[in-house]
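**Student:** Here it is, the structure in full.
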Amino acid sequence: MTSKAVVFAYHDIGCTGIEALLNAGYEIAAVFTHADDPRENTFYASVARLCAERGIPLHAPEDVNHPLWLERIRQLRPDFLFSFYYRRLLGAELLACAARGAYNLHGSLLPRYRGRAPANWVLVNGETQTGVTLHRMIERADAGPILAQQAVAIDPEDTALSLHGKLRKAAGALLRDSLPLLALGVLPEVEQDESQASHFGRRTPADGLLDWHRPARQLYDLVRAVTQPYPGAFCQVGEQKLIVWSAEVVAGNHGREPGSVLSCDPLRIACGEDSLVLRFGQRGERGLYLAGTQLATELGLVEGARLRGAASGPQRRTRVLILGVNGFIGNHLSERLLRDGRYEVHGMDIGSDAIERLKADPHFHFVEGDIGIHSEWLEYHVKKCDVILPLVAIATPIEYTRNPLRVFELDFEENLRIVRYCVKYGKRVVFPSTSEVYGMCQDPDFDEDRSNLVVGPINKQRWIYSVSKQLLDRVIWAYGQQGLRFTLFRPFNWMGPRLDRLDSARIGSSRAITQLILHLVEGTPIRLVDGGAQKRCFTDVDDGIEALARIIDNRDGRCDGQIVNIGNPDNEASIRQLGEELLRQFEAHPLRAQFPPFAGFREVESRSFYGDGYQDVAHRKPSIDNARRLLDWQPTIELRETIGKTLDFFLHEALREREAQA
């Protein structure tokens, strides 16, 4: 009997998977893929074209986990689901649609290199072997039982592109041998060894920055991991960007400082250990592909000159002052900037539990203090630093009604003082506005430059946060007309690890997801304010921080005088839906047995929860056209993945609390 499959595929390995299924006698009822991104270098084969040529029904929905698509897939009655380099997570309900199971082909030898871009990461890390793995899909990404693996040797001269070709061939061979056995039901499964698991996140173009203090072999590995068709490794020559496409390691560095030009023919650069010959590269994003010797001539390099990369070169790092550095945005942003290698971070906050992991970094400088008290330190560091981020704010709804004057004093008055220091010393300010400034705007998508900012009556004190932020936005804009360099960014419901503390949720002073998780942890009913019908667009903190880092980088000054929404309009969900997805992942979590039974959902009125001064809004959805245009940024992380990371963080925090109390 023919096995029926629904396939989720992209990339040329997606094509390899589809061809293998057809050759093994599977019936493909439908293929789901992605529309090509015009900003991406699509060097790979087209799943869409293959399906058109083979007469296979093809779909490319934004959300394959949407109930409408779930129902359509159920109606196909598939025996199997297969994912071949599909870029979105398949939810539990979708996985359950397959009568005989759902299977994924992953580009590493699991459990090592779970996550994104494994072919790039193995090269960056200098591995000599990788491979492909066929495994059963469970709700946790890349964590299901293994059915088959095929190893691939990594040669010293392999690039990401050549390695991808090897992986494609290995995938074809593995599927050729495995798919017939899977159809017969005789392919055994082996659980993954969690003690050997490693996980790697997505890579960004900024990760290609060359740090000349590192050994030449590590830089060579970075170059080949991100060379064409990827964005490339790079460094700075004065104000010009030098992209390196090909390099080779040469023994010795003549005892010269890292980043020093040892010769121009060939173009040879001293590293922390040995040296690197830059064989081919280009000047800037639109330059010609040139040999290293010609690049040296065109860039005006001479022996003894210094190239600037991470932690090297004569030009100092950009100094970023983050006030509220221990907060959710502050600690994630600090980590991102320090990883970049071009920044020195100075921070103040009243605590440091979330930044303990950063304190050992020599480019991270922290002082415990209060911006309302330590005014001399504050003014000195505004004068000293290049970019100022005043992130200190009271930003939880219950405090808007419980302590409206404190919200005004901190969120407006204290931050106004910082803005005036920036004016006084001519410093650039990147100010955190808020999605709350849009208030009860009726536009379907909130636009930074056109949407009206609408709030409720004076007796609804919940709007004091919104109007405090809006007033500061207007003051900053007015100072901008007098020469202040600024960017306003508006986060839309960012979520992720270290969002809040469970103790904050216990007194009601936390974000919605933390409140919901606390109820699960303590076995109390999940309270849905006014039924939880309010919709928000939730944004993964990694996506949000990447956009914010690009604002700080401010390439070509394009963010000066701009307002930028940072949110994920594709991740719209009601609070009830958020709670339901949390519950599903909670019940499937490995730590589930450590917590009490689920106590159900309970609907409560907003007045009883927040007090008389509260007023809610039905939806809050951003337009992100400005972010796309100014930052070349697009959020990519799905809500299910963000919920999973956030839940996992708080469950482990709850166990740590329990151990500390024992």
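Backbone N, Cα and C atoms are what each Cβ position is placed from, and that goes for glycine too.
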**Student:** What does Swiss-Prot list, out of ASP349, ASP353, ASP386, as binding the same NAD(+) as ASP370, ILE371?
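**Tutor:** That NAD(+) site, as Swiss-Prot gives it, pairs ASP370, ILE371 with ASP349.
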**Student:** When DSSP is mapped onto helix/strand/coil, what comes out for ARG536 (UDP-alpha-D-glucuronate binding site)?
**Tutor:** strand
**Student:** Taking the Cβ of ALA533 (UDP-alpha-D-glucuronate binding site) as centre, how many other Cβ atoms lie within 10 Å?
**Tutor:** 15
**Student:** Going by C-alpha positions, which of the recorded positions (ASP349, SER435, ASP530, ALA533, ARG620) is nearest GLU139 ((6R)-10-formyltetrahydrofolate binding site)?
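**Tutor:** Its closest listed neighbour, by Cα, is ALA533.
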**Student:** Quick one: give me the count of other CB atoms within 10 A of the CB of ARG527 (UDP-alpha-D-glucuronate binding site).
**Tutor:** 16
**Student:** So of GLU139, ASP142, ASP370, GLU436, which of the recorded positions has the fewest other Cβ atoms within 10 Å around its own Cβ?
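**Tutor:** Taking GLU139, ASP142, ASP370, GLU436 as the recorded positions, the minimal 10 Å Cβ count falls on ASP370.
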**Student:** Can you tell me whether DSSP puts GLU436 (active site, proton acceptor) in helix, strand or coil?
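**Tutor:** In the DSSP reduction, GLU436 (active site, proton acceptor) maps to helix.
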**Student:** How many Å lie between the Cα of ALA141 ((6R)-10-formyltetrahydrofolate binding site) and the Cα of ASN104 (site 'Transition state stabilizer')?
**Tutor:** 10
**Student:** In the same chain, outside ASP349, ASP370, ILE371, whose C-beta lies within 8 angstroms of the Cβ mean position for the NAD(+) site?
**Tutor:** LEU323, GLY324, MET348, ILE350, GLY369, GLY372, ILE373, HIS374, VAL392
**Student:** Taking Cα atoms as reference points, rank the recorded positions ASN104, HIS106, ASP142 by distance from ARG620 (active site, proton donor) and give the first.
**Tutor:** ASP142
